[in-house]
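Now, the feature entries from Swiss-Prot:
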BINDING   55, 76, 78, 83, 91  Zn(2+) 1 binding site
REGION    125-149  region 'Disordered'
BINDING   130  Zn(2+) 3 binding site
CARBOHYD  138  O-linked glycosylation site
């Protein structure tokens, strides 16, 4: 899921990519966070989602809780880049733990484009409220280190 990253010589001429093997592809060796995969951690005390949204600003993102789910939506209008014009949009939906303290949830966007949605868990399993609630996205100045696998 690497959209809008442009094409490279090895994308157009894969037979010129490697002397190691004709089947070797540089594009397959991209880092974890460049893959578009999110990281969800749920331990005893905390629930956290890390998502690479480097092509979006906080104004392009909407994060809201709807019943027992968090919905993350990103969309930006058509922009010019090095390779032409591009627009991007995504939707992600994650089920929240029943014991998540929804009143203490935070959401921030790091300088390197990692969106972190996080909240503490309560000791008792209280019934979550079934309503829609927006979660503001704050901007951080420091980059987020890559999540551990």
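Even glycines carry a Cβ here, placed using N, Cα and C.
Features per Swiss-Prot, on structure.
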residue: 55; record: Zn(2+) 1 binding site; Cβ neighbours (10 Å): 17
residue: 76; record: Zn(2+) 1 binding site; Cβ neighbours (10 Å): 15
residue: 78; record: Zn(2+) 1 binding site; Cβ neighbours (10 Å): 9
residue: 83; record: Zn(2+) 1 binding site; Cβ neighbours (10 Å): 10
residue: 91; record: Zn(2+) 1 binding site; Cβ neighbours (10 Å): 10
residue: 138; record: O-linked glycosylation site; Cβ neighbours (10 Å): 10
Distance, residue 138 (O-linked glycosylation site) to residue 83 (Zn(2+) 1 binding site) (CA atoms, angstrom):
30
